[in-house]
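Asks: The following block contains the structure, expressed as structure tokens.
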Amino acid sequence: MRTSLQAVALWGQKAPPHSITAIMITDDQRTIVTGSQEGQLCLWNLSHELKISAKELLFGHSASVTCLARARDFSKQPYIVSAAENGEMCVWNVTNGQCMEKATLPYRHTAICYYHCSFRMTGEGWLLCCGEYQDVLIIDAKTLAVVHSFRSSQFPDWINCMCIVHSMRIQEDSLLVVSVAGELKVWDLSSSINSIQEKQDVYEKESKFLESLNCQTIRFCTYTERLLLVVFSKCWKVYDYCDFSLLLTEVSRNGQFFAGGEVIAAHRILIWTEDGHSYIYQLLNSGLSKSIYPADGRVLKETIYPHLLCSTSVQENKEQSRPFVMGYMNERKEPFYKVLFSGEVSGRITLWHIPDVPVSKFDGSPREIPVTATWTLQDNFDKHDTMSQSIIDYFSGLKDGAGTAVVTSSEYIPSLDKLICGCEDGTIIITQALNAAKARLLEGGSLVKDSPPHKVLKGHHQSVTSLLYPHGLSSKLDQSWMLSGDLDSCVILWDIFTEEILHKFFLEAGPVTSLLMSPEKFKLRGEQIICCVCGDHSVALLHLEGKSCLLHARKHLFPVRMIKWHPVENFLIVGCADDSVYIWEIETGTLERHETGERARIILNCCDDSQLVKSVLPIASETLKHKSIEQRSSSPYQLGPLPCPGLQVESSCKVTDAKFCPRPFNVLPVKTKWSNVGFHILLFDLENLVELLLPTPLSDVDSSSSFYGGEVLRRAKSTVEKKTLTLRKSKTACGPLSAEALAKPITESLAQGDNTIKFSEENDGIKRQKKMKISKKMQPKPSRKVDASLTIDTAKLFLSCLLPWGVDKDLDYLCIKHLNILKLQGPISLGISLNEDNFSLMLPGWDLCNSGMIKDYSGVNLFSRKVLDLSDKYTATLPNQVGIPRGLENNCDSLRESDTIVYLLSRLFLVNKLVNMPLELACRVGSSFRMESIHNKMRGAGNDILNMSSFYSCLRNGKNESHVPEADLSLLKLISCWRDQSVQVTEAIQAVLLAEVQQHMKSLGKIPVNSQPVSMAENGNCEMKQMLPKLEWTEELELQCVRNTLPLQTPVSPVKHDSNSNSANFQDVEDMPDRCALEESESPGEPRHHSWIAKVCPCKVS
């Protein structure tokens, strides 16, 4: 089970596009939900004063959102459902932004109604769906599986709109629909539940042609239980629900097209149009006068007309786009507002407060209802500009005072920690990503802004549209090469270390929209080739070694959507937007075939090496673990603009078989349009970060001996007796250890091929070091070249982003002093990725969306007011005994700092695991907890929770216990129960971090008991029971446990780093039989500083 990834969004000055296609207000009247053409959902906070503020973006769809609806009884579970054009359906928890369920069906829904009859059906209810398919689908609201369907006995057709009628008079529920042909159909709901559950066919009981087309809305009047409002695009009608006889018809005037309507009171109708106007009508004389049908077939004449009382309109805007998406809400709670709301393609939301008794003017003319509130995403960014700065805003000085560089393309190189940004003016900026993030986020950023070396490459005369780092795709290519393309169809090959232009390719085509590389098995002249897709639908193939253009295919009539390779015959297969296929012979440059229709589909399906618009290939060479973001992106093969493009992660394609390894820190550039990058996401992999800081990675050790060390201890004793272990006197037993040396992970040797090139940067230059051979005993392993200082800096930045700065100023000072972490400049936009396809990001100004936080914690990095309550509960559950971690009371500052950081991250890792697990899994560890049983269940579904619990218990007391202590079990249950309370992962992590940091500082005697937030004063007497006991160290040897499959470092001096180095220069390694190294203390009688693995595996060898 994969843990969630923590994210920090570095927005630019411009908000991402959000073209609203669907809108609704939740039943609690606190949240507005909008779906967009770009595929994402936005949650907007709605206050009791009808003030709007954007709060969160939810990513889960890869196509335009078509409709939104309630998915549960909202008072019990705050769930909604969204549907997209490509058949995707997602169930969301709007409280925490989590996607609860997702499915893709071969149906395009245009309307969804939730139905649940508590006394007649079990489960969570049904989603009744209609759209571009016949009749009505019934989908299970929990699993999103198709249950059954309502069928038509005559004239089955697509359904335009529908509504559920709950009649209190006859105690029966009915489903009313109107087809595209204008036929009204009625199905019984209540009496059909058993038939549906038994998979029996259910047909309509009534039907009637309404003699109008393009039905937009059908609504039942709950006030009279007699009126039925049906809105068509050119007229709206009122029918008698008893016999469906026509009572009233109102035809559109001034060329307006109606878009919907609602019955807001008895005999009072609200109608709105596609251009954002609305009208309130009063049906005079009760409005119920039978229509006259002339015998000669002339136009229907009504005896009376409805009286127009009020109207609303939107502000005139030259850039105003249609159609508007509108809706109506009648609040059932105080203050009992009646609200008309609308969403625009421009992303604007507008609210009107409808009076309880609308009246016209004294002269009888309609009264204009003013706009109550209006808001856009850009308003959030303008109001909270400190939170909406991009990752390279501090480079604005490079532009000679002309403002911040406008980023149009971006690429992150994890192996170098380099962020490459192509700008609108043609320049390319290269900087250290982690340092750039620090300068953007932290208060001490002024100290960092001058330190990170940056480079500016100048060679383009137009905007840079695409970037490619070939070495990230194939390790056999030169590490210094980088490709960039611009609007003027110029592709430049750079040496990023020397800043030289190696070659320029002038394609004489349209803008270079994508740079791709051929797969590993497809080589021409012994080398892989580069594919350039241009805006004029042409494709060019470049040979980097020969610095030549091999092919320029120009005959495509439609935008290129797919590139495939045929390695046997050297064919390039191009798929276009019209589903046609072009087959090019690369050597001769001739067009071999052009196919369309079924033949084209067969050809595309026969090729394996595809480069698709929506593939699920990895985003970056070191982010295989970041699957949640990878699969959400539209992949690197984004060949030109899509009709409904979503936000896409920009990166290089990964089509090689190179060995990759995960990274604790990653930067993902995210596109908002095909021509520019809107913002960047910082991704923190907490699990990988803990793996690197703890010398024994959690996921790669034998579970039977990894935490309690029984088998390792026996092996160590046996090996000592045989005198096959290497002993080394510790020269630092009583001396201080640096934080970097303490956190230095066990590293894997570089094993790409037969050799590797190590390099480090000094003063903006590159030092090429000699190649070194690797022992033939070593098995090829993924390159795991990790800079220890970079890892500890990543950990500090991660803690800085999550700490609730400002809640307790004394605690802030102590964290800066004793943990050596910097304070945030202000609240940041946090995010999270919980599963493979969905993630969420907070928007600038999210901290002011909770009314309870505005007064007390304005400008505080507190995720929600709930964090303080959760922190109280966590502190109260902690054991009452107080213990100082071994060695912390007399350790040097750097060692104590590093110990504390690793301890905090380990705790947060545990919380991150538990909060996403069901309660029954977490409680299962309470009965019996022996390591043998874990070994037998290594491949079981509950392995993660058992592993984490053993880790938790070992960190707590360092003893081999057969079961989890009651106090620990209480903590496990508490954290697991938060899931059922709609607690977000970020809330849980921040609450635990606040409690742990505060308790840790108190246990060290650094702060008094009463120096804490007011909300935590009740639990001030609850001290933290420290994890690590004091052990006897009379004749102690430090045992360092490493992976069974990894080579081990020989005793060498600690890794030395340059100030600007990107990777540690690790020494040669040798394979040892037991893969363990024992170090003897220089002063056996004295306690000495031990690495964290000695605390995780407390082994004492006599």
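Yeah, the Cβs are placed from backbone N, Cα and C, and that goes for glycine too.
According to Swiss-Prot, the record shows the following:
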type	residues	note
MOD_RES	Ser1081	phosphoserine
MOD_RES	Ser1083	phosphoserine
REPEAT	15-54	repeat 'WD 1'
REPEAT	60-102	repeat 'WD 2'
REPEAT	160-197	repeat 'WD 3'
REPEAT	318-362	repeat 'WD 4'
REPEAT	402-441	repeat 'WD 5'
REPEAT	459-504	repeat 'WD 6'
REPEAT	507-552	repeat 'WD 7'
REPEAT	555-594	repeat 'WD 8'
Asks: Should anything in the same chain at least six residues away from the repeat 'WD 2' (60-102) have a Cβ under 8 Å from its Cβ atoms, list it; otherwise answer none.
Replies: 21-24, 26-28, 31, 33-41, 43, 108-114, 116, 124-125, 127, 129, 131, 139, 141-144, 614, 632, 634, 644, 646, 832, 834-835, 837-838, 840, 982-984, 987
Asks: Given the repeat 'WD 4' (318-362), which of the listed stretches 15-54, 160-197, 402-441, 507-552, 555-594 has the most Cβ pairs that are under 8 Å apart from it?
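Replies: Going through each listed stretch, the top one turns out to be 15-54.
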Asks: Within the repeat 'WD 2' (60-102) only, compute the mean pLDDT.
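Replies: A mean pLDDT of 92 is what the predicted model shows over the repeat 'WD 2' (60-102).
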Asks: Count up the helix, strand and coil residues in the repeat 'WD 5' (402-441) according to DSSP, in that order.
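Replies: Helix, strand and coil residues of the repeat 'WD 5' (402-441) number 9 helix, 19 strand, 12 coil.
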Asks: Sort the residues of the repeat 'WD 8' (555-594) into helix, strand and coil with DSSP and give the three counts.
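Replies: Within the repeat 'WD 8' (555-594) the tally stands at 0 helix, 23 strand, 17 coil.
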Asks: Looking only at the repeat 'WD 2' (60-102), how are its residues distributed among DSSP helix, strand and coil?
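Replies: Summed over the repeat 'WD 2' (60-102), the classes give 0 helix, 23 strand, 20 coil.
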Asks: Summarise the repeat 'WD 7' (507-552) by DSSP state, stating how many residues are helix, strand and coil.
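Replies: Across the repeat 'WD 7' (507-552), DSSP assigns the residues as follows: 0 helix, 23 strand, 23 coil.
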Asks: Is it possible to list how many residues within the repeat 'WD 1' (15-54) are helical, extended or coil according to DSSP?
Replies: 0 helix, 21 strand, 19 coil
Asks: Provide the three-state DSSP residue tally for the repeat 'WD 4' (318-362): helix first, then strand, then coil.
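Replies: Summed by class, the stretch gives 0 helix, 18 strand, 27 coil.
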